[in-house]
Amino acid sequence: MVEAGAWWTVLAAPAILFGLAGLAVVGDAALDARGAGRPLTPGTAVRPLLAVSRALLAQPRRLPAPDRLLWRAGVITVPVAAVLSTLVIPFGGHVVADLSVGVVWFNAMEALTWAGLWLAGWGPNAAFSLIGGYRFLAQGLAYELPLMFALISAATGARSLRVTDIAAAQHGLWYAVWMPFALLVHLAAVLAFSFLGPFAYPAGRDIAGGVLGETSGADRLLLQAGRWLWLAAGAAMAVPLFLGGGAGPGLPAWAWSLVKTLLVLGLLVWVSRRLPVIRADRYVELAWVVLLPPAVLQVLVPALVDLNL
Amino acid sequence: MGATATVLLWASALLAPAFGVLVFTMNSMARVTFALLACLVCVGGIVTVLGLSYLGVVIVLMMVMEMVIMAVFMIAYMMNPAGLMPMSMLHNRRGALVISGSLFAALVAGIFLVPWPERGGARPRNTTFQIGAALMREQMLTMITLGFVLLATMVGATVLATRRGRYDRFGDELDQRPARDPAGGGVGR
């Protein structure tokens with residue numbers, strides 16, 4: 001059922017994820033500086049990472065009658081779920097736990113973010129924060145179904161829920177080529193569950209930061225880290241699902257995994273800055289009326305191909 | 001079953017009823033809902049450890065989403081404003097005690113009275129395929145019927161619950177575009 005990787009993969013997987021998330025933050029800051037016309041120095045790029053030490057030293061904000069237990073649980077759940085999701089994502093030839101139901105595991109961890117963010121909104125006992133939590137649920141209802149069909153497309157193509165099987169089944173022809181719509185839906189969902197860019201609605205400026213509004217210090221750091229960790233995890237998952245995993249000429253498998261993940265991550269960071277925030281009620285309409293029918297048809301394509309074989 | 005699996009099984013088996021007790025002792029709807037979620041996640045853990053990894057992980061996946069949505073509605077429908085006042089999950093105590101007590105007794109009696117079958121053949125390596133074959137081969141007709149019943153129930157419940165029909169949305173001649181909806185997100189605007 002489970003094929004355990006070498007012991008060091010337990011340490012390497014979170015380390016790589018944190019590295020990728022850090023790179024995404026640095027890239028975002030660099031694009032910020034370029035957009036503002038500031039000179040691009042190493043200092044401007046690394047500045048957001050200095051906020052880590054500032055957040056750890058900051059005095060926590062006290063609020064009247066918060067639900068501390070649930071708040072803390074929610075804030076911790078978001079980054080922890082992101083790290084746990086990487087257990088099943090192969091990187092080159094290595095994977096921490098090659099679960100036979102890896103795709104479902106990734107999806108379950110992503111669903112934990114629903115609980116985490118709603119709790120993070122409920123905990124502070126503040127209206128805007130709670131609205132942010134509810135906004136994420138509305139957004140979740142919109143992106144989840146198309147995402148599930150996108151994941152099922154890749155699993156159907158490989159006739160397996162094991163992520164390494166899916167990566168191996170794409171020898172020669174990537175799923176991105178004949179399931180482009182599933183890849184597109186997956187990438188949109190990655191932005192949605194990391195509530196970044198066009199899907200930053202739960203943490204919107206119009207509600208004073210929403211789920212992030214009342215957090216301070218380490219709590220805020222954990223939630224912000226959770227966003228970027230989920231972005232990195234989603235980008236890393238797209239590689240074995242749609243881009244052939246570590247397959248490629250010349251370079252070793254881990255290098256191809258890294259290159260592809262970085263490309264997807266870079267694309268997501270760039271796109272997230274190009275699009276305006278979309279309201280959840282509008283995205284529900286788009287997701288269910290426009291995205292869902294082609295997503296179902298997309299599953300039909302690998303199913304028919306499988307039947308022919 | 002290995003040592004790790006046994007430890008996981010016992011930990012989940014003890015934590016699940018502990019969270020179940022918390023559901024009836026805590027006084028906040030949010031906490032109660034998430035105690036129930038923790039209880040159901042433990043059940044998913046038990047199912048996974050017993051070798052049905054697909055069912056176990058799907059239980060976790062579905063229960064997280066279901067409980068979060070349920071928290072929204074439970075809090076919205078509470079008598080006190082927004083679920084901010086202390087509440088209790090205990091209602092009809094005497095009747096509930098009789099029902100739950102007799103149900104528990106019946107289930108425990110079932111454990112000892114049912115002649116459990118011996119395992120025939122080896123355990124399959126990947127149980128997901130067996131579940132799929134069981135549902136989609138012999139029980140295909142049941143699943144199709146169930147699917148239609150569920151869909152019809154959902155559509156019917158929505159139609160009964162909503163007061164507005166197509167004449168409210170599109171006007172008496174059904175020619176009014178865009179539809180007159182009280183809130184955004186509707187189809188056909």
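Backbone N, Cα and C atoms are what each Cβ position is placed from, and that goes for glycine too.
Per TrEMBL, these features apply:
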| type | residues | note |
| --- | --- | --- |
| TRANSMEM | A:6-31 | transmembrane segment |
| TRANSMEM | A:69-91 | transmembrane segment |
| TRANSMEM | A:111-134 | transmembrane segment |
| TRANSMEM | A:141-161 | transmembrane segment |
| TRANSMEM | A:173-196 | transmembrane segment |
| TRANSMEM | A:228-247 | transmembrane segment |
| TRANSMEM | A:253-271 | transmembrane segment |
| TRANSMEM | A:283-305 | transmembrane segment |
**Asked** What stretch in A:69-91, A:111-134, A:173-196, A:253-271 has the biggest tally of Cβ pairs under 8 Å against the transmembrane segment (A:141-161)?
**Response** A:173-196
**Request:** Residue list, the transmembrane segment (A:6-31) vs rest of chain: Cβ under 8 Å, 6 or more residues beyond ends.
**Result:** 40, 44-49, 82-83, 86-87, 89, 91, 94-96, 225, 228-229, 231-233, 235-236, 261-262, 265-266, 268-270, 273
**Asked** Going along the chain, which residues at least six beyond the ends of the transmembrane segment (A:228-247) come within the CB cut-off of under 8 Å?
**Response** 17-18, 20-22, 24-25, 78-79, 82-83, 85-86, 89-93, 103, 106, 110, 113, 151, 154, 163-164, 166-168, 170-171, 174-176, 179, 182-183, 186-187, 189-191, 193-194, 196, 253-254, 256-257, 260-261, 264-265, 268-269
**Request:** Compare A:69-91, A:253-271, A:283-305 by their Cβ pairs under 8 Å to the transmembrane segment (A:173-196) and return the stretch that comes out on top.
**Result:** A:283-305
